[in-house]
Every structure is written in C-alpha cells, then in structure tokens.
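Colleague: Pulled these from TrEMBL:
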REPEAT    70-112  repeat 'ARM'
REPEAT    277-319  repeat 'ARM'
REPEAT    360-402  repeat 'ARM'
REGION    527-551  region 'Disordered'
COMPBIAS  532-551  compositional bias 'Basic and acidic residues'
DOMAIN    555-694  domain 'EDR1/CTR1/ARMC3-like peptidase-like'
Amino acid sequence: MGKKVKKESETPCKETLQFEPLPVEAKTPATVVLLLSCPEEDILVKACEAIHKFAEKVDFVCKVKISDNKGLPPLIQLLSSPDPDVKKNSLEIIFNLVQDHQSRLALHELGGIPPLLEQLKSDFPVIQHLALKTLQNVTTDTDTCNTFREEQGFEKLMDILSNMDFRDLHAEALQVVANCLSDSKSLQLIHKGGGLTRLMESVLTPNLPEIQSNAVKCIARVAQSSENRKLLHEQNVEKVLVELLSVADISVKTATCQAVSVMSFHLASKDSFRDLDGIPAVVQLLNNESLELKEAATQALSNLTHSNQLNAFAVYEAGGDEILVQQLYGSCRRTVANSAATLGNMAGQEVIRCSILSHGAIQALVKPLQSTDTQVLINTTLCLTVLACDTEARAELQNAGGLHPLVNLLRSYHKEVLHHTCLAINVCASDVNTAAEMCQFGALEMLQEINLSVNRRSRFSELAMISLLNFNLSVKYSLTSHLASTDIISDGFYDVGKACAGQRIQTLEELSKQPVNEHRQIIVVNTATGKNKKDDKQKNETQPESPTEKPWKMMDDVSLQLLVNKAKNVILPLSDEREQCAALARLVSEAMGGAVEMEKLHEFPWVLHLSELKFQLRSNVVPIGLISRGIYCHRALLFKCLADCIGMSCTLDRGEYSRAWNEVLLFNGNPSMNERSSQPCRYIVDLMHQPGRLLTANTPAAVQYQTI
C-alpha cells in the first residue's frame, strides 16, 4: 500500500504513515480507517474521501469491513473537526453506513446523537442537510428517539421550522419530527413541553406549499396510532385541518385530506369535522381536476361516513351523493373504490338511497363490477348490496346488464370479493326475474361448486345458494330433495328427479324440446288453462311471435285444474285440520289409482303407464294431472301442489327409489272443546296404502313408509 516512515521528531498517534501519491481507490477500507485517527488535516481529508468512496458503493461487505475495523468511532469524533470538508465527508460516510440497522444502533451506543445535532448549527447548508438525513434514518429506533428527545433535539427542529431563513431544511426536519412523534410516550412528553402546540402553529404559518404539505403529512404520520389520535383531538387538530382545506395549493389540500382520513378513525374526530363544516369543504374538492386530490378526498369521505349516519347525511346535504356517483366513471381505481365505499355507507338511509339511485348509481356500478382491482370489487359489491334492497334498483341492474358481471365474480378466489359477491347475489335474488337470470348465467352451478370446496365455501355462499333456490323451487327440490312448508309450488314447477351436486338443471323449455328418450319422465305442474295463463300472455306481449317459430308454452292440464277446484270445494269447507288432511290424501289417492297394498306394490303398473303417456304426448314432460297410475313421488307432489293451492301447510321430501312423502304439523285434541295440545306433532301422510292415515314421524310405521 505504501512505505512506513518513522519520524523521530514527532509523537506518533499509532504509527505515523507517509503515503506515496497512489490512487485513493487502491487503498482498502481497513487501511483507510487507520488514517482517521491521525491528526494531519490533509491525511484526514484524503482518508474521508477514500472511505466515503468505499461506503457509497452500497456494498454490504465493504460496510461490514468498515464497521469491523471500528471505523464509526473516529468518524463520530471527526464531526467536531474545524474543517468543514472533514465534517461533510464524515457525515456522508455515516449517512451511508446507517442505512444498515446495526450501524444505526452502533451510532446511538457510541454517543453519536449530540454531535449530529451540533451540525444543525453549521453555516454550510450541505452539512445541515446531511445531518438531517442521517437523523431521519437513526430516529426510526425507539431508544435513539428517546436520546434525541433528551438532547433537546425536538426543540432544535422546531427552531428550524419556525425560522423562514431555514425553509430549505423544513421538509427534512419534518421527517425527523414525524419519527419522534410516532410513539405515544414520546408524543406525550413532547406535548408536555409545548412541542405539539408549536407544531400546530407551524402548520398554519404561511409557508412554501411544499413545507406546509410536509407538515400536514407529519401530522398524518403521527395520527397512525389510536393514542396519538386522541391527543391530537385534544389539541383541536381538526380545526387546523379544516382551515387548511381552504388553502389554494393542491398539494396542501391533498395532504390535508389524507390527514382527515387518518384522524377519522377517532370517533370524536368524525363529529368535530362535521361540527366545523369540514365535510362540505371536502365534498367541494371532488370538483377539482386533480386526480390525486380526488382520491384523497374520496378516501376522507369514506372514513368520515363509515358507521356514522350524521356524517353521511352531511355529505348528502352538501350534494355529495351526485358527485360521488359521477366519480364511479373515473379512471383512478382508488377513487372509484373510495366513492363506492362512501355511497355504500350513505345508502343505509332511505332518503339518501333514493337520491343516490336517482342519479344513476346502478348504471354507474356496472363497469366497476368488471374491474380487476380487488378493492374496487369489494367496495362495489358492498355498495350494490345496500342499493339493491330496492325493487326498482334490482330491475335497473338487470336492465343495465349488471347481473352477468356480478355472477362472474363467483369465479374469484379472493375471500372478501367472493363473500361480498355472495351477499349481493343474496339481495338480488329477492325477485323471481333477477333470480332466474342469475341462474341462466350459471350462478347455481358456481355456488354448488363453491359450497363443495372446503376452502371457498362460507355461510355467505350458502346464504346466496338458498336465496336463489327459494325463487327456483324446481331446482331446489332437485338439488336438496326437500321443499319446506313455506315453499309454495306454483305453475311451471317441474320435477326432474334428483340431481348430482354441481349438475346444471336444464330449464323446462329446454327439457320440453328434447326428443323422447328412455330416461325418467319430467313431471310438470300447470293449474292455469287457456286464456287464464298469465305467464303465456305476458310472454307473448314481450316476445312477439316470429313467422318461422312459435314461442314455447307449457302444455295445458285440465285434469289438474279440476282437482284444484274439487279441493277448494270439498276440502276447504271442512273445519278440522286432521279431516282436511285425510280428505285431501284420499282425493290424491283416487286420482292416481287408489290404495295399493304393500304386498302388491310390485304389481302396480305405474312404469308402463308413464311410458305410454310419454309416447302419447311425444314429450318427456308429463303434466301431473294426466297421471292416473302414480307412485309415492307422484302422489306426494300432487298432495303438495293441491295443499299449497288451498292454503294447507305441508312439506315435500324425496327419498330413494321413487319414494317421497309429505309431513304435516297438527295439534292433538278436539279444537271445539279447547283440548288442543300446546305443541303440534309431526305426521307423515299415507297416500299409498291406507290413504288418509297419519303416521307419527319417526315411528316404525312412518320409517317403513319412507323407505323400501
């Protein structure tokens, strides 16, 4: 590296080194570190330059070598050098070293904070900037922050912030301030010393926009913890922020909205912003052309209105609902997500919901439903869930083509997106038309697949499935083999048999158009005949008949209509529920071939009869009224159909191998003598062997009826 020449006339510090004029880059970090302990100024300057070049190469190994050779202590000592070049180079080396966590801790342990603070008094701006940048790194450590505070570092920073001659240092000083105020203990101590008040005053002091916006960002960083938000609220930070919303500079307004967003997590702050008329001020910012400001303003409104009806109403009074609907058409995904969230927060109040819908919110939500952004999808489906509780809104969503992209979201593997999509589908399934269209788009099949998955199924997917099935009883019966007493069979119901999980159930029209096959017949219910068929009339009005193909319609079932009339005329006048049930059972049995002894059941020609009907009708679909030789499954369906027509309550359950039965709830005792039991009993109705007999549920006789 160089020749060592001992000078007897001088007292060496370790060894006095004399270097030949070799390139600085040729020296190793270990060799150069030794030079830092020597008193000669020219050697110190060269040593600092050399080691700085090693350190700034962002080479971890190089930095470790400098640290291992104890390069940090002499560097800290050199901060007291009278030579500004030595100070500058030393600071640059230290700044590069403290990018590493261990070096930051070492700087604190070696007492490096006081010398760094002294550099803030330098006459050279470059030294002041380097000192602040280094402090910004090291004050991320809690212990270092405590030492910084104990050395009056915060006060020194506030002196800088209050001096306009140092405004070029304000941005970096505020970053250090934010680090110092990040933990609650430091904030409390600084507050007791009046530091927080000084910070508030500096924020409101007219200044360069960059400085003022950085000051507000500092407050936003401080407000990240709940304890800090409480203390800031006690210092009336909301008043300061509301005042800043009216300044001219966009960056200051944007930073202020971001601070409002964070402070809104404190419940009392939400009320303060409303009382100080901060909400209308934020709403007005939505008219600004700045995309960044719109994003920050919508985020602030989203947080302000979350679980706060008074703030939601304040946004509505300021005309915010109309402006927010327009934001849904914007190009910024964050703004769209925030706007949807805010509208969802507001729509819980009926008067506001009606206003939101009047501004075309449903149409505006269709495009966000097709977004690839997760948060947009979550907030949009949440908003839709609240808005779609209105019947007209569901119809509008259907007309706007929104059901298809909504159903497509069931393909998502994102947990929240899937949950909120299921909730929206659950609400949209409240109408027959929307439920039917979602089924056409494959909603039922996708929900079946989801509910079969251990990882994707949830109570939300199960709820959506049930809601869709409740408005499609044919599919519900096919998939679940059960109809509750509240599931009322109506015209168009058909029994296609038990379907496998995940299997798509074809529509009645699709099944009717298939050629006759050897598979199980499809039994259809149609009590309307001729001109009384409302569904056909409506269909003809909405879908004009083409010259080449007539519109499909269900086959008439006059026999079923006669049975319905007979049930109304004969069964309804009976006053006793048991007698009504027994009489209806006998009516069903008579219509389908009468009583059949258990031992002769195999002789009952129901299979041949149904095959003949299919051949005669040239269709796989058979109206139930035409069946005169029916087995358990046919009789149970007819009983349920007639019971629903006359207002009797019963279930319909499917078993194995063409078994099906009806369960009724009846009170024991004589109702005319006020001898009824307090709790009803469950009975299975015998429609096959002793029609009208009531079998107590779960008894051997009932179990025998339900099984082979």
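Including glycine, each Cβ sits where the backbone N, Cα and C put it.
Have a look at these and tell me how they're positioned relative to everything else.
Modeller: Over the repeat 'ARM' (277-319) the predicted model carries a mean pLDDT of 97.
Helix, strand and coil counts from DSSP across the repeat 'ARM' (360-402) read 32 helix, 0 strand, 11 coil.
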Colleague: What are the helix, strand and coil residue counts for the repeat 'ARM' (70-112) according to DSSP?
Modeller: 30 helix, 0 strand, 13 coil
